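Lifted from Swiss-Prot, the feature list:
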BINDING   147, 149, 150, 151  ATP binding site
REGION    1-80  region 'Domain I, interacts with DnaA modulators'
REGION    80-102  region 'Domain II'
REGION    103-320  region 'Domain III, AAA+ region'
REGION    321-441  region 'Domain IV, binds dsDNA'
């Protein structure tokens with residue numbers, strides 16, 4: 001099998017050459033090679049620290065996808081420096097009942113997580129759950145925007161539990177993978193095996209639960225899995241890009257169960273936290289060519305999420321090294337100009353607002369214009385009307401016309417309701433804040 005994996009690198013390269021530009025392909029991909037394969041992990045050798053970081057952050061997903069499509073099995077990747085020995089783990093003793101563990105990212109631990117005002121509560125709750133599974137908060141529901149560290153905390157919980165409770169069975173899975181496994185089990189008449197796998201876990205971490213919306217069969221299956229684990233006093237940790245009550249087509253019985261435990265959110269990091277994140281990333285990746293003033297510049301200019309922040313650091317460091325130029329703030333401005341360059345003011349229209357709100361709640365624009373009065377549609381419609389009044393110069397009658405020809409009093413009622421709710425609902429406050437951010441991007 002190992003020789004087969006190594007031999008297929010040429011096939012992988014052929015696929016990758018079609019997906020990236022010629023300069024990137026020759027700079028990054030032709031200079032690395034697979035050197036070992038064990039435990040479903042392909043070890044890829046790279047020439048230096050910069051290549052290691054760049055490949056891991058930018059190209060790992062497409063390399064993994066190419067290998068999996070060729071090999072027809074799931075694999076993981078690990079990048080090592082040229083000349084570095086490959087430490088093959090010794091097989092662990094297993095009990096007679098096999099433990100199922102979905103591979104956790106070794107980078108995502110509590111030690112590598114930077115705590116700030118934007119994530120302090122979520123971090124504390126995650127650590128409490130890791131230290132006392134099923135005794136602190138069950139379930140733990142973590143929500144926040146893309147790239148803010150939810151998955152990092154999920155993996156950190158898994159790592160901590162496994163390090164301190166080796167006999168516990170831990171499963172990390174995305175809702176998309178859970179759905180695909182369910183579909184495959186139905187196709188192959190193996191639903192019993194599928195259920196036994198997840199319902200025998202001690203710890204279940206399920207990421208991006210919002211992707212279960214509109215998937216009725218998957219929601220049904222997860223409902224029973226949740227009940228089985230909860231009644232057996234097993235720990236459940238869930239992440240989402242929004243709180244349970246904002247997942248429009250989520251079944252009420254699932255929503256209520258998610259609200260049984262603790263719900264905590266993660267916000268965009270403030271300036272001080274962004275600086276700390278960049279310094280931690282530089283330390284972990286052995287990046288020594290970025291001075292403090294350049295770190296400060298990047299932290300000031302990249303405010304969206306942690307993923308883009310760390311990507312900017314790697315990009316500046318790699319460019320500085322390859323071009324043999326000092327990593328000054330001026331160089332950073334040059335390298336990141338496509339990310340931070342000032343753009344023309346965006347024209348905000350009602351259709352843009354409706355599309356953004358519809359996407360957020362898992363609806364269609366037609367739903368917002370229709371006569372449906374169910375809460376799963378009526379509330380998002382009221383939010384969209386409120387934003388239309390806040391962000392455009394349209395009159396109430398004009399806004400009503402945009403929403404399927406509704407009367408101006410309907411628009412006024414919607415705006416008044418959302419305004420009133422905002423005064424006492426912190427979750428709605430964050431939702432409006434997030435929607436305004438998406439509309440303005």
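Counting begins at 1 with the first residue displayed.
Each residue, glycine too, has its Cβ placed from N, Cα and C.
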One finds that other Cβ atoms within 10 Å of the Cβ of residue 147 (ATP binding site) number exactly 17
Least surrounded, by Cβ count within 10 Å, of the binding-site residues 149, 150, 151 is 151
Using DSSP three-state counts, the residues of the region 'Domain I, interacts with DnaA modulators' (1-80) come to 46 helix, 17 strand, 17 coil
Averaging pLDDT over all residues of the region 'Domain II' (80-102) gives 55
Simplified DSSP label at residue 150 (ATP binding site) comes out helix
In DSSP terms, the region 'Domain IV, binds dsDNA' (321-441) comprises 85 helix, 0 strand, 36 coil
